[in-house]
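Working notes, beginning with the structure itself.
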Amino acid sequence: MLNVTDLRGQTPSKSDIRRALPRGGTDVWSVLPIVQPVVEDVQNRGAEAALDYGEKFDHIRPASVRVPAEVIAAAENTLDPLVRESIEESIRRVRKVHAEQKPSEHTTELSPGGTVTERFMPIDRVGLYVPGGNAVYPSSVIMNTVPAQEAGVNSLVVASPPQAEHGGWPHPTILAACSILGVDEVWAVGGGQAVALLAYGDDAAGLEPVDMITGPGNIFVTAAKRLVRGVVGTDSEAGPTEIAVLADASANAVNVAYDLISQAEHDVMAASVLITDSEQLAKDVNREIEARYSITRNAERVAEALRGAQSGIVLVDDISVGIQVADQYAAEHLEIHTENARAVAEQITNAGAIFVGDFSPVPLGDYSAGSNHVLPTSGSARFSAGLSTHTFLRPVNLIEYDEAALKDVSQVVINFANAEDLPAHGEAIRARFENLPTTDEA
């Protein structure tokens, strides 16, 4: 089922590896002309425009953008107790990890009386997008909300698409997760129009704009984020989900097959890639996938994803080459199924998250490992990171020099002012001291 790319007997460069690897992705540029008028209309007409587009695209128009408090409360009250227990346990685990991510203020003394202090200031108001589509994602509510709360974000709003089968409001499980987390502002709006409304708000409708937008979504959500970036901050662009498994002959073929299938379940564009130095394992995994995918509830979606050009098996000479390949692929999720898996994992530099050993599968990270599941895709893990408490914090420097400390470094500043032909900079220093030479004399 999975196509095979054979890199054995080669010494490929980074460029060669990137060209050879199966890779999906979405062409965001192609939908920008569709999304831009939506964003501009929502900027001009606010909530009414957002509701109009929801009715046009999704054939549903909620009674209001903001979900009433009683609807949110009812969703929590009717939540399945087992689902509630799982949500609460995942919140506990994710909160424990993200609470420890918060950095501490620190001060550096450059000279007596001259200090620079770095403080970490939370974003004031954040919009968290939770998609609808093929599945219900209360886990995304957790993964976006908890790090923002741990960072100290003052105001949170969740936006999620309205559902016709639920009275035009977001899915009750989404609303229940919001309620459990203490998020009482939820907007029943999805797609690019949700991103635009979060960015620009609507004063007349009582919808305050945000300072940052995070959360995964489809290509239209991604395009809208690109269009409003600069008006607000955004997290990294999220393409279709992906898993890479780096495995040797010691790997359990059944478990590897299940992990590849589980990621393919998300989306027909999802990528599932096995990187291995064992031809026998490759054959075994392909056989196990063929035997097992059809019994999953989402078999048709899984089959299309696994047969797509974005999925496949990559054969390499040895695990050291496999590490190079994995680094160039820079997977959203990377599983290590090798001997000495931790030692291999420590050699990886590019991945959204690394899952070490047979008992650390990606589905654990999707829900309750404690790590975050909002991760960079499409190779962007080479230069970006997943969602964390850091995402919602801004480092701000406080520069504090007394007279002696400034005088000690004043000539350095004046010399730079001369070199850059910005004499007023030097004069701003000299004016504070009587005996310093003028900028021209320095």
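Including glycine, each Cβ sits where the backbone N, Cα and C put it.
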Which residue range, 1-20, 101-120, is the one Swiss-Prot calls region 'Disordered'?
-> 1-20
Can you pick which of T241, T389, T391 Swiss-Prot lists for the same substrate site as Q263, H266, H333, D366, E420, H425?
-> T241
For D366 (substrate binding site), which residues of its chain lie six or more apart in sequence with Cβ-Cβ distance below 8 Å?
-> S139, H373
Which is it, of N218, T241: the one of these binding-site residues whose Cβ has the most other Cβ atoms within 10 Å?
-> T241
Which of H266, H333, H425 (the binding-site residues) has the most other Cβ atoms within 10 Å?
-> H333
Q193 (NAD(+) binding site): secondary structure state under DSSP, collapsed to three categories = helix
Taking Cα atoms as reference points, rank the binding-site residues T241, H333, E420, H425 by distance from Q193 (NAD(+) binding site) and give the first.
-> T241
So how far apart do the substrate binders T241, Q263, H266, H333, D366, E420, H425 get, largest Cα to Cα in Å?
-> 57
Once the DSSP letters are reduced so that anything not helix or strand counts as coil, what is H425 (substrate binding site)?
-> helix
